[in-house]
C-alpha cells in the first residue's frame, strides 16, 4: 500500500510529494513575511481591508467570546476581534509559520494590543486545542495553502463550540468571463513583477497566483464544508467572485 505522504499534491501548478508541501509553503511565507502587509495593500489596491472588515461584520463576535484566527499572519483580523471581545474574551492568533507569527505579534504589541490576545504556532490540520473551545473561527487567505483541506475543515469543526460559526475568506473564481480574463492577466503578468520590485521575490507571488487558480471554487468549497460536518453553509461573492466568504455552523 502506498504511503499517503508519498502521494503527489498541488503546489501551485507543480506536483510535489504531500510531505513536501508544508515546507515549500513555509519557505514562501518566510520570504514574504516582512513585506506581507505592504504587498497586500499594493496587490489588492487596499480592497483586502474591506473584505476583512466585511468578514468581521459577519462574524457575530461580541464581548466575552473566544475567537480563533487561523493563518492569522500579521494580525489584521485579530486586532479587530480583540476590540470586540474585550477584556472578558480572548483571541488566539494561530499560524503555522513562525516568521508570520512574529510579524503579527510585534505589530499588535506596537499598537498596544496585548491583554486578550494569545499567539500559537499551529497547523490547521491538527489544531492543538480541546474540543468545543471557540465561539468563532476564521481563516483568511490561508486555506488554499493547507495541504489537506478536508482534514483542516474537520479539525476546525472539532474545536468549534456547538452553536459556533466558521468563516473562510479566500480567493475564488470570478463569476464573469471578462473579469476572469483581466484577473488572469493581472495575476500572472503584474503580481510577480510587483513582488520582485517590492519584496525582491517574484517566485512567491507566482506561486500565489497559481495557488489561487488551484483552490476549489465556491460551490466545491461549500460541498467540502458540508461533507466535513458543517451545517447551514453559504457563501457570498465579493468583487465579482475574486474573493468569497464562506460560512458554516456547528449545531
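Each Cβ is built from the backbone N, Cα and C atoms, and glycine gets one as well.
Binding of S-adenosyl-L-methionine is attributed by Swiss-Prot to 74, 123, 124, and the same site annotation extends, among 27, 95, 98, 184, to 95. With a cut-off of 8 Å between CB atoms and residues at least 6 apart in sequence, the same chain places 22, 96 near residue 123 (S-adenosyl-L-methionine binding site), listed in sequence order. Neighbours of residue 95 (S-adenosyl-L-methionine binding site), defined as other CB atoms within 10 A of its CB across all chains, total 28.
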